Each structure stands twice: as C-alpha cells, then as structure tokens.
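Okay, structure first, notes after.
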Amino acid sequence: MSDRNDPDVALETGAQVPPDEPVIAPEPEPEEPSRWQQALRQIATGNAIISVLAVLLALLVGAVMIAFTDERVQAASGYFFARPGDTFAAIWDSVSGAYVALFQGAVYNFRRPDFVSGIRPLTETLNFATPLIAAGLGVGLAFKVGMFNIGGRGQMLLAASAAGWVAFSFDMPFPLHMIVAVIAGIVAGALWAGIAGLLKARTGAHEVIVTIMLNYVALYLVSWMLRTPGLLQAPGSNNPKTPPMKDSAIFFDLLGPQFNLHFGFVLSIGCVVLVWWILDRSSLGFQFRAVGLNPKAARVAGINVNRMYVYGMLIAGALVGLAGVDQVLGTVTTGFSSGIDAGIGFDAITVALLGGSNPWGILAAGILFGAFKAGGFAMQAAEGVPIDIVLVVQSLIVLFIAAPPLVRAIFRLPQPGAKPKKRTRSARKEEVAAK
Amino acid sequence: MTAPSQHHATAAPTERALDSTTVISWKAPISFAVITVLLAVLFLTTRHSGDAIFRLSGPRDLIQIPEITLNGPVTTWTCIVLLTGITVVSAAMVRAKRRVPLWLVVIFAVIGLVAFLTWAAAGARTPVIPLPGLLAGALSLSVPLIFGALCGVISERVGVINIAIEGQLLAGAFTSAVVASVIGQQWLGPIVGLAAAAVSGVLVAFVLAAFAIKYFVDQVIVGVVLNVLVIGLTSFLFSQVLAPNAALLNSPPRLQRIPIPLLSEIPLIGPMFFRQTLIVYAMYVIIVLVYIGLFHTRWGLRLRSVGEHPQAADTVGINVARTRFWNVSLAGAIAGFGGAFFTLGAVGAFNKEMTAGAGFIALAAVIFGQWDPIRATLAALLFGFASNLQNTLSVIGSPVPSEFMLMLPYVVTILAVAGFVGKVRGPASAGKPYIKS
C-alpha cells in the first residue's frame, strides 16, 4: 500500500484538490504505433477535445430544449405520422434560427453590410466578458487559497457604490478622477471581502456563511444608501438611483465611439497577468497555494495560515470589486440602482470553475460566457428564446468538463493511458473506478 | 503503513491533552458586551418615550389573554442593566475557567429581544406588537429553510457537501406547481404535487450524487453548477411554457390550513404551530424522524460513520458509495418536498427564481446548527423570525429604516458564527470523495 493511496494521507488534503491521477504501471508496448496514430490518440484523449465535446453536448441539450418548447414544433408534431417531414423542418428552423442568432449576437453579424458593424457583436462579447473575467479571477484566487468566495454580489455592490460615489460627487481632471474612482471601488471590495477573511482567521467563522450573509447585508446597505438623499440618491429624485457618472471618471472607449468596449477590458487583462504572476511567480502565491492544498502542512512549514486567509480574501475582494467598478464606470454610466451587480458575482463562480481557477483558463471562460451573454440577448430579441437557456448551457458545460469520464463514455473516446489495442473490459472498468 | 501510524502517534497525545484542559473562550462575553453597547447606543440616540403594547392573542382565539403594556424607556433601560449584568457574570465565569452555559445565552437573547421590540414599538406609529401574527409568520417563513437545512444535515453527515439545496427547493416548487395545476382538484392535486416535488428533489440529488460519487467531481462545484442549471431550466420553462398557459399549468390549488382540535386553541403557541397546512405537519414528523434516525438507529450510525471515516466504515462492510448515494437522494426528497411550500403552501403560482436564496440561508442554518437536525431547525427558525420581525415592524411604522431590519438576521448570523459558534467542525469527510483502493 503506497502512501499516495493511503486514506489518512488523502484525508489530510484539501477538499478542492482533484484526486490524483492513478499511477498506471507502464507496460511494454507490443509494437510501436505509427506517429499518426499517436497524434490521433493524443488529440482524442487530451483536455482540449473534452472541452470542445462538452460545449457541443451542452449545445445539443440546449437544442433539444429549444425544439421541444417551440410552438411550431409542437404544432407540427401533432400530425407527425401524417407528415413527419414537417416536424423535422420545424425542429431545424427553431434550433438553427436560435443558434444562428446566438452566433450573430456574439461573434460576427453577417447581415451587416460592412466589417465594422459586422464585428460589433464580438466587441459586445468582450464587453460582457470584462467584469466576468475580473470577478472570476477573484473567486478563482480564493479557491486557490482553499476558500469559497460566494460573496461576489456584496463585494461588487460595495465597490460599485464607492466608485460611483467618487465618480459622481467629485470634480477632478480626467485621468486622475478615473484612477481615484477605480481605487475607491477596489478598496471597498477588498475591505468587504476582508471582513470574511479576518473573521475566518480570527474566529474560524466559515467563510461560506459569512460571505453569503455579507451579500445580503451589502444589498440592504446599498439599497438604504440609494434611497437616502445626501448619500447615493440623485438630488431631486425619488427613485433609488444615483446621478450619472461624470465624464472625467468613466472608462474611455477603446475602439472609438461606435463600439461599447471600454478601458475596463484592458484592466481585466492586466489582472489576468497580475494574478498569474502572484500565483505562479511570487512567494505570496506559493504560500496561497500551499495553504489551499493543505493548511496543516502549510502551518508546519512556517506559513502564517491565518494571514494568508486575510490576504487571499483582500485580493479576491479587490478583483471582484474591479468587476463592480467595470459596471458603474463602463457599462451603466447613467446612474445605477441596487441591481448593478447583474448576477455577475454568481456567474463568476461558474467562470472560475470552468477556468479551473487558473488565470488563463478564467480569461477563456470569461470570454466564452461573455459570448453566451451577448448572444443570448440577441437570441431572445430575434427568436424569442428566453435567455435563461444560456444558464442551462453554461452549467452543463461546467458539469461535463468537470467529469471527463462521462464525456469519454458518451463519445466512446479512449481513456488516456490505456493501451491503444486489446483493451480488455476489466481494465476499462478499473480505470473508471480509479478516476 | 508507516504514515498513518506516525499520524496517530502524534494525534493521540494532543487529544489526551485536550481532554484535560478546559478551553477558555472570551467570545461569549465579548459578543455580549458588543451587543449590549450597540443596543444602549441605539436607545440613547433615538426617541422612544411612549408605551409598547404586546398583544398575546388574536381576535378569534378561544382563550383571550390581556395585552401587556410596557413603558418604553423604563423597560429598555432595565433590560440594558440586566444585559450588562449577564455580560459581567459571563466574563467572571470565563475568568474562573468555566464555560458560559447555553441557558445564559438564551436568557441574554430573550432579554435583548424584549428590549429591542419594546424600543421599536414605543417609537412606532401604532405601538402594538401582535405576537401571534409575528410568530406564525416567522414559522411559515422558516418552513422551506427547515426542510433545506434537514436536507443539508443528512447529506453532509453522509459526507457529501450539498450546495444544491437551492436548486432542489426550486425544482420542488416548480414541479409541485405544474403537477398540482394539471390535476387541479382541491385535495388530490396538492398531494400528488407534494409527491412530485419530492421526486424532483431526488432527481436533482441523483445528478449531485452521480457526479460526486461516481465521477469524483468536486462536490462544491457540482452543487453550485446544479443551482445554476435548475434556475436556468425552471426560468426557461416558465417563460417558454408556463407563462403562455398559466391557467392550465401554473394555477395550483393551495393547500388548506387544518387546525388541530384543542391544540390549536393553546394561547400563543396554538395558532403558531397547530393552525397550519399539511406540509408543516409533515415537517414536524420529518424533524423528529431525522433526529431519531440519525442518532438512535443503525441507519444513522452507518450514515454518520460514512461521513466521518469512510475507510473505517468500508472496513466493517458498509458500502460507502451506496450509502452516500441513497442518503443524498433521501436528502434531495426532503428538500424537494419543502420546495413545494413556496407554491402550494404560500404563494400559489410558480415564479422565476422564487426561492430567492432560501437554499443558501438553509446552508447557513446547517453550519450555524452545527450539523445537528434540531439545532439547524432552531437556526432556521431564527432566520424566519428575524425576517418576519422586519415585516411586522414596517407594518406598525417603526422608526428603524426597513433595510436595517432586513439586514439584522444576517448581521446576527455573522456575529453568532464568529462569536458563539466559532470554529465549527463538520463531518470529517464531508466533501472528500471516497476512492476505494
């Protein structure tokens, strides 16, 4: 019995750690397969193919749902046995119509005459991706420290309020005002998340409860500030809404006035690089990952675990806070209400999960989900398919990617590490069990 | 087998040391002091010179109890003195290396609550607090939380972290509304709807169990994703199918209240507990069954052993994967059943995301209640009470901004988790897949 299979050792490792790949004794290959076969096998067993197939599967399930709930399909299926072709035509119409609208709303609109207006959907995708990437990084970094930050909503609301307050109530020259507003938002988000980190470090309060509770506290706090004159409410108005942001504070457009893409996208990309550097290159990141993998071992190794929890939550909150800042200074600059977080705090969890808590993965996942969001609105407008289908597709993608054996079983792909030929039934079963 | 023996060798002396030392915790006195000072500041800074009237019985009750009238400032400051006294006593106890007993905490909470209610009512437009209504409303707000918390307790005790409570509640609410509407009779519809709700909760639990137990996917991931999946599915079907055919698919008959003879006439408690719908009576039975089952039957012992030390359970011949799978499914049935309360018990029609975070609050109740069915139920009741307190106070026109009242349960939870509960320890193997080697 080796150490790595020892349950007591396995018990010590953190909950976020995926089980180790089983060690499979290298068996002598009977004959060397050709290079093409090897390449094919690498593609078929790699992670990339799993991701692509997961997306395809999720879209397939989405297609089934669209088809089944479409009224034309239901009408045509009423006389299915008389004219089955009608049913299939209706299914094709509804599904292809929806997905073409999704693509045209997310990537490139072929119906537009010129390239500039045709490519506009892609910039919308990046625009939706901007806060998702920032918040996803915040959740992902907390995952790396072994903490689950469900408090994205509260952190975003507080950050948005702080940044918005600076942006509408002060007069400053252009770059300075924007920078001060961004810093105010980031600090607010960091401090709000820092409460959870500090309580976990000092009293052992579970961060999942504290962040969930802080979401509600933040929501009511911001709602109260929004309806109290002199705090966040627009003067002379009765609505719980702030005045518009001053021009000197809002994020400038990156690609000119015809596109919505703003400076926040550059900040989000900057954060990806920063988080990658923190986690992969800095001593702080090493300590973060050590605590995340095994807090007891980290403590024995001389790492101040409690301090890491506080630092981890502070940085996570700052990143989620940036998403809140993106919302007020980039997306909704005409004044915001308590719905400014737009569910991004929760979407960020799925983004971080899909990205495997790794900064580059989160960048890709954020852009993919941004595309679904941009395309989902277009699909709802053009085809009447409710945007909620996007939630279904997104969650299925994460589920399928999290369970590669399931995807392999569905598509009958070979298992990685298995012998290319002469796979016995028992060997396969053993591997599924070991996975 | 070198590593485990070393591990046990190092663990044993510490455990023995822990047995003989008393843990001194200053958390309770500090929390008491903070709450007392906060209340004192609140009473100092706001005007509450009038009387507060507590109404103890409703107009239709058989036994009428006279109203209690308390003078605002006198009562609040008496309470502050009492609270200060308890704080000092608890500090002295900790100094003498004794633990602060639970009853002291309860007394503190009750006095603090009386002080707060008196203050809120004395400054209000109509200084009357209808206690029966407050308590009955609190119970109905807690019902889904209690079901969700029981679901969480069972599945975490068996070693599977269940973040998908929200999804299971929502699935139950959706299914019960549709099934009850289609069947549509006064009694048959809701009852079949309840059964269907439980089945839908089981279906969500199947997915959780399959991914967590068969494919070893991180349980937190599956839970979070399942919530999103169920929200997406129900919202999609609501917009696409239910909304256009609301009369046929989304107008379920509501469950009727069944007053229990005699018991429902007990003052204050009767209307709260015994003038309820079938779901609530089922809840009482389920709470008791889960408690007895978990701690006094073979089933519970096996369940807990699988959640604490699956290797040991496996060694004595318990099938870990099967135990986990079926108990997670059972937990799903409980949550799904509770989800039906949203539609059949309370609102009637299904609406998008109508659970509004109840599953997460239930999760907090599980941790707050330290993975114990009774304590988790009490925690859920506390949340329900606090949210209904806000409703009552905004009806009588209390001077507190309603947002701060709404915030209160969550702030109290944070204080409680940080202060009274502190380092909570869940089942040792919750969240860890068991890989048989």
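Think of each number as a place in line: the chain as shown, counted from 1.
The backbone N, Cα and C atoms fix where each Cβ goes, glycine too.
TrEMBL entries are annotated by machine, without manual review.
According to TrEMBL, the features are:
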TRANSMEM  B:26-45  transmembrane segment
TRANSMEM  B:74-94  transmembrane segment
TRANSMEM  B:101-122  transmembrane segment
TRANSMEM  B:134-155  transmembrane segment
TRANSMEM  B:167-188  transmembrane segment
TRANSMEM  B:194-213  transmembrane segment
TRANSMEM  B:220-243  transmembrane segment
TRANSMEM  B:278-295  transmembrane segment
TRANSMEM  B:325-348  transmembrane segment
TRANSMEM  B:354-371  transmembrane segment
TRANSMEM  B:378-398  transmembrane segment
TRANSMEM  B:404-422  transmembrane segment
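Same-chain residues lying 6+ beyond the ends of the transmembrane segment (B:101-122) with a Cβ under 8 Å from its Cβ atoms: 28, 32, 35-36, 39, 42-43, 46, 48-54, 70-73, 75-76, 79-80, 82-83, 86, 89-90, 128-129, 389, 393, 396, 398-400, 420.
Put simply, of B:26-45, B:194-213, B:220-243, B:354-371, the stretch with the most CB pairs closer than 8 A to the transmembrane segment (B:167-188) is B:194-213.
Counted over residue pairs separated by six or more positions, the transmembrane segment (B:278-295) shares fewer than 3 Cβ pairs under 8 angstroms with the transmembrane segment (B:354-371), which leaves the two as not touching. Note on the transmembrane segment (B:134-155): residues 161-162, 165-166, 168-169, 201, 205, 268, 271-273, 275-276, 279-280, 283, 286-287, 290, 294, 303, 327-328, 330-332, 334-335, 337-339, 341-342, 345-346, 355, 358-359, 361-363, 365-366, 369, 371-373, 376-377, 379-381, 383-385, 387-389, 391-392 of its chain, located 6 or more positions outside it, place their CB under 8 angstroms from a CB of the stretch.
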